[in-house]
Amino acid sequence: MSQQGYVAAPPYSQAQPGAMGYGPGPNQHTYGHYGGQQQAFSPPPPGMGPQMSPHPSTPGGMPMTGPPMAGHQMSGPPMGASQMSGPPMGGPQMPGPPMGGSQMPGPPMGGSQMPGPPMGGSQMTGPPMAGQQMSGPPMAGQQMSGPPMGGAQMSGPPMGGHQMAGPPMAGQQMSGPPMAGQQMSGPPMAGMGGPYAGPPGPGLGGYQQPGLGPNSPSGYPQQQGQFGGQMAGGQMAGPQPGFPGAFPGSAMAGPPQKKLDPDSIPSPTQVIEDDQAKRGGQVYATNVRGQVPPLVTTDFTVQDQGNASPRFMRCTTYTLPCTAELAKQCQVPLATIIKPFAVVPKNETPLYLVNHGETGPIRCNRCKAYMCPYMQFIDGGRRFQCAFCNCVNEVPVFYFQHLDHMGRRMDFYERPELSLGSYEFSATLDYCKNNKPASAPAYIFMIDVSFTNIKSGLVRLLCDELKTLLDNLPREEGAESSAIKVGFVTYNKILHFYNVKSALAQPQMMVVSDTAEMFVPLLDGFLVSYAESRAVIHNLLDQIPDMFADTNESETVFAPVIQAGVEALKAAECSGKLFIFHASIPTAEAPGKLKNRDDKKLVSTDKEKTLFHPVKGVYEQLSKDCVAQGCSVDLFLFPSQYLDIATMGDVPAHTGGAVYKYSNFQVETDGEHFLRDLRKDVEKPIGFDAIMRVRTSTGFRATDFFGGVYMNNTTDVELAAVDCDHAITVELKHDDTLSEETGAFMQCALLYTTVGGQRRLRVHNLSLNCSSQLMELFKSCETDSLINFFAKTAYRAILKQPLKSVREILVNQTAHMLACYRKNCASPSAASQLILPETMKVFPVYMNSLMKTAPLVGSTELSTDDRAHQRLAVMAMGVEDTQLLLYPRLIPLHNMELEGEAVPSPLRCSEDRLSDGGAFLLENGHALFLWLGQACPPELIQGLFNLPSLAHLQPNTNVLPELDSPQSRKVRAIVSSLMQQRPNSMKLQIVRSKDKLEVLFRQFLVEDKGLYGGASYMDFLCYVHREIRTLLT
């Protein structure tokens, strides 16, 4: 059964002024428009069609005055343009000709039979070449050699905001919209590979319903598009400011025209809202193989009935293709994103702990898979057949149970490992290092006390916070206090260790100045229980800021600090975490000394990848030592200049740690932001010294792993620590044919040490469908998981390939997936329609946003450290984090209901959605902005800031004062709920419209053109559409 996916007709294919990033369109701000004057727009003389100045280098800049070229004459109405006898639906009655080929006595526009000269391409500079190919994805800015007419060849990929050597695109110097006057081989939109000059016909802005092709019966009414696409004539004359296709000047020569409507392209916010409306608030039971869960943005409750909750495991598709050939044909990557320690909400059942005593967990003898709901009991319950390798195993005597009439064990519901998708086993000594019981982990706080950190006030702030924070160390369920031990080190060029044994009246300091041969000068009294040594620790924390108050030491070491931490944990025979608070690039003579290698000349060259590579040697060995000891490293950086995060962040990246960065740290503005991060980081649920194995049933296997992991061999994923925010993305490949009947099974087993020092096994199981029908695969795809996979593969690829190639691969794969759907799953329709699978209709907006992220944009404007930092952060992100990062939430505040807890529905991330009289909150999990329009209502300003008007607001205000007004209460409640939901703390930045800071804010409006290059969503869609058509022809 072929199913029509999500159909969108050619608005995409419109080349609008400023489209595909050929220089800004009219009425668009020229942020990031480097090296080019804004085009001047002079309206043509009245009565004339739009003009394009002939380019000096093109032959024949001759006006076309004859009848239209063959190919204009069409026997039926063009696509989707119903013949209308009355005014077009939804619009005012028009005195002039309607759009898009309805039969009318006046001069038609969209390419119907034209008795007079065609309007839109008058004075064409040479024959427009339909459908020629462009060589690269719409990114990095080459100059174009000639006027890019309808799809004429271009020397390089189009680009955001750079200068063109030729005249403006069709539709720039015009007072009315360009109309199609180009040679076409079929109906107006079909068969043209280039940007189409011309507004879409009626209804084209919406979605064409299945069956409404170019040959649909006349008089068949165009239906409202599924996503509120504009109806014919819905948006009439009048420029639409800010939209790349806005036409300059409101005096339009000629009849009023219909604009291309940005609302007509698939909207992520709409998809999120629809899923929330359909599946929000419901119970999602996991008893069906291969069912697609609600979106990560939807609020739902999971009931585990045999498959792991989507909080723990999500897949790029829940139906695997049966053969490797099919997988290759559709190009949809097969992967699962596993978050083994994901937080289980209060209203869901926590994981059960199964204890089989001395014998340990029941496993398959051959493949070592753990007992799970997919194992088949046979022979009256005396044996079981493994679902993963089909081996038949004896059931141990103590585990025997009779089967019921269905062949299920009588104790099916009493044993979590038989009826649930996720559970834990108590591990025996066989699962412990050196067969010795594990001990509780330790947290070591290592503070850089060099001049920078003392002067900024960081050291005092941190020491004060630790006095209360250490009461909240993670503890076992039901335990009174935490079993975690704590230790303290301060350092600059040398290291100071502190003895804080509870018996001491005063803490004692021991100094190690030989950083080349690092050792820990004391064993007893370095790692202690906070509850027992509280008084001595408080004494120490009071003394540290004063002890170093007069320091002039600005040089620091770094690698020896990590080395010291590992040695301390080795000596104590435990795993743990180092919290390092560091300010500057380590330049002191010691192992791991770094030099500034930030070279902007490498940007956009083949050597750019070296900027992301860590410096080899010391740090590689450190990562190995840390993982072997179960020592995770969290790094808090307070830089004022280049630090080499690519190298300094390498150990955290391989040990399940995180890197936090606070540039130009000041206690007043950044203190609270840093402390929120620190509290979350210290308190979050975590497991240590972990090893993970993903087992699969026959026919496919896990081949690649992305995340904060270390791999010694091809199957064991070693994690010094894994916390509730840490996700591992696992790529799956076929090694044989899969069966539609049995489906496919996956089991992720994680062996780890709890915060209380117990060794446990956490098991997550998931069953997927298999099909030889591509339609089934596309039906069960998940865009959010796909983009997580693409982000991680791209961010790993930039270590080996030039950015340009990585971006091209991303675009090609997008086009390939969508072309495969179009060819194999969609009902036949005109080539000019863009047809997207229902489950992937917003995939292009996320992909385009990914290509505009700092690591993938070659721009000297961006700091190398910021790019390296984002690259490392994304590698460990789960699906919900990448979704939000690539499509931020834009929340309107000016018309919110002040009563109740409802948060206003987010809007699309585009400048079009901002209004001068509005206030908007934008967040992406890392950045948080409050944008205030010039005409923001005074009562809102009064309510939020206690100021009479926006003019009174001081620049660089970054706090919302705690006022007792309904506006203040509501907005602060929204902000604090956002902060709670996200893994990181976010620093609020308040931006007024037209402020300098606004440039920062605008780079998060991901549907618009990129600040540092990169197409708008609309242009990217056109580009992908062209690529798809090239692939299909």
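Don't overthink the numbers, they just go from 1 along the chain as shown.
Even glycines carry a Cβ here, placed using N, Cα and C.
Those TrEMBL annotations? Automatic predictions, nothing curated.
TrEMBL annotations:
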- 1-101: region 'Disordered' (REGION)
- 28-39: compositional bias 'Low complexity' (COMPBIAS)
- 49-87: compositional bias 'Low complexity' (COMPBIAS)
- 118-185: region 'Disordered' (REGION)
- 118-129: compositional bias 'Low complexity' (COMPBIAS)
- 211-235: region 'Disordered' (REGION)
- 211-225: compositional bias 'Low complexity' (COMPBIAS)
- 226-235: compositional bias 'Gly residues' (COMPBIAS)
- 244-263: region 'Disordered' (REGION)
- 244-256: compositional bias 'Low complexity' (COMPBIAS)
- 361-399: domain 'Zinc finger Sec23/Sec24-type' (DOMAIN)
- 440-682: domain 'Sec23/Sec24 trunk' (DOMAIN)
- 687-771: domain 'Sec23/Sec24 beta-sandwich' (DOMAIN)
- 783-882: domain 'Sec23/Sec24 helical' (DOMAIN)
- 903-974: domain 'Gelsolin-like' (DOMAIN)
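Of the candidate ranges 440-682, 687-771, 783-882, 687-771 contributes the most Cβ pairs within a distance under 8 Å of the domain 'Zinc finger Sec23/Sec24-type' (361-399).
Predicted-model confidence for the domain 'Zinc finger Sec23/Sec24-type' (361-399) is 96, expressed as mean pLDDT.
Taken residue by residue, the domain 'Zinc finger Sec23/Sec24-type' (361-399) breaks down under DSSP into 6 helix, 11 strand, 22 coil.
For the domain 'Gelsolin-like' (903-974), the DSSP counts in helix, strand and coil order read 23 helix, 12 strand, 37 coil.
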